[in-house]
Amino acid sequence: MHDKHRVKELIVQSFEVTRDSNLTITEQLVANYDLLPWRAYNYIAFWTADTFNINMWMIVSSMIQLGMSWWQAWICTWLGYGVIAPFLVLNARPGAIFHVMFPIVNRTSFGMFGSLWCVFNRAAMACIWYGVQASIGGSCVLVMLRAMWPSIYDLHFLCFFLFWLISLPIIWFPVHKDTSITFLIWCIVKAHGIGPVMHQPSTLHGSELGWAMVVSSMSCISNKVTLVTNAPDFASRARTSSAALYPQLFAIPLSAAFVSLIGILVSSSSQAIYGTAIWSPIDLLGNFLNDNPSKATRFGVWFISASFMLAQVTTNICANSVSAGCDLTALFPRFINIRRGGYIAATVGFAMCPWNLLKNSNEFTSYLSAYSVFLSSIAGVMVTEYYVVRKGHYNVKDLYNTERGSWYWYTYGINFRAYTAYISGILINAVGFAGATGRTVPLAATRIYELSFFTGFGVSAIVYWALNRAFPVIGAADTFEEIDVSGYERTARSLRDVEEVDDETKDGGSDHSASKR
């Protein structure tokens, strides 16, 4: 009997997730690490894992393909990700303070029903991006199969389908960065040392180089604009508001710069090896299989491409499947949960034929710029609403209230100030967008479009502020204070702050929430 009991115990333990050994049996029924609030190190780990994916390499490799030297491309990386991080942190703040996610935060500016379009917009982008990442993962599968069976060449769709199928049931741990470094060392060896890589000159000069660096920096910004928009989703899990502030502010540019440097050097190595820059690391791996490679080379290619494939699975689930699931849940809460939403994202990603976006680096960067136009305008309105219009004042109870006269009901559930600002942010980039599709447009329109994140964000923010000055909303504040005026939740402060307020109340002090009603 003792042996049978021991076997059952071992079987149960084999299915258990990592947990705190100090938890009681009862506590284990209600808590694990995934359910606990995020601390600073969770955000650092999240962004580090998020940046280790092939898409990051492709963006910086496209800079080398444009004609930049390695250090010019790296400067663009620092500029792009260094600039976008503060915007992400700004928009994440309401989630960290009031512990609400993007679909709910968006109601404060666009209205109870007006927010649905923004949520749909973000969900659609997550579905498209899911397909793009799956297409890249399919390329990894193709290289893996070629490493095992060299005669395989034209099975792109089958490999995409295999990767797509593998992604459905698997949630995998992020692959460690050692694989990327191994690939880098291999490329440098094939390029006969780092000297040829470092001494490759730029083929761009003057204003042509300047605008190429601007466009490349904007590609880095556009790569993160979806996560800027739904930043409250991740920040809502923060244990304290500071946990979602400095860790994200520094982890994003630092981890992105490190991964990008590897991608830059690998792409520069391809130019030294083959005479032309290869923007996709998977295509570069595929080239290693040409001309009768040795068994050791084939195994190395298989191992690296397999690692990349698993990294793509992780990135796709964390950054796209979960985000799409959250957004679609908010759109149809009666019928969709996060899991169903993730499968919808996978279905849409399959149906959109994402490999068409990855035919060359120009189409890929054009796609990044295009969706930046729409999401940057949403982010501009959201940030202005929180910091300028209502200045941190939230009415959490009204975030779930559809009665007329509630803070976020506006006009039949739609805030036309927000939509006017949103459309304005899109229109300023409309002519340049037409130029990106092949139409002949003035150079000034092209330049404006190349700065689409800033023009979209800036115009929407200014228009929204002006309309709120002309037509004030309920709850507009004169001083900045992050507080829930409804008294519905006490999550506007950290646990320590709440305890201090409770002490003040016991001593006869007034409740800030009540005073703001």
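Easy rule for this one: first residue shown is 1, then count along the chain.
Just so it is clear, glycine is given a Cβ too, placed from its N, Cα and C backbone atoms.
Features of the protein shown, as given by TrEMBL:
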COMPBIAS  506-517  compositional bias 'Basic and acidic residues'
REGION    496-517  region 'Disordered'
TRANSMEM  71-90  transmembrane segment
TRANSMEM  96-120  transmembrane segment
TRANSMEM  127-149  transmembrane segment
TRANSMEM  155-175  transmembrane segment
TRANSMEM  245-266  transmembrane segment
TRANSMEM  301-322  transmembrane segment
TRANSMEM  342-358  transmembrane segment
TRANSMEM  370-389  transmembrane segment
TRANSMEM  409-436  transmembrane segment
TRANSMEM  448-467  transmembrane segment
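A Cβ distance under 8 Å defines the sequence-distant neighbours of the transmembrane segment (342-358), meaning residues of its chain 6+ beyond its ends; these are 58, 123-124, 126-132, 134-136, 138, 156, 160-161, 164, 167-168, 280, 317, 320-322, 324-325, 328, 336, 364, 367.
Non-local neighbours of the transmembrane segment (96-120) in the same chain are 229-233, 235-238, 240-241, 243-245, 326-327, 329-331, 378, 381-382, 384-386, 390, 392, 394, 396, 399, 401-402, 407-415, 418-419, 422, 464, 482, 484, 489, 491-492; each lies 6+ residues outside the stretch with a CB under 8 Å from one of its CB atoms.
Under 8 Å from some Cβ of the transmembrane segment (245-266) lie the Cβ atoms of residues 40-41, 43-44, 47-48, 50-52, 56-61, 63-64, 70, 73-74, 77-78, 81-82, 84-86, 88-89, 92-93, 96, 177, 180-181, 183-184, 187-188, 194, 197, 220, 224, 235, 281, 284, all in the same chain and six or more residues away from its ends.
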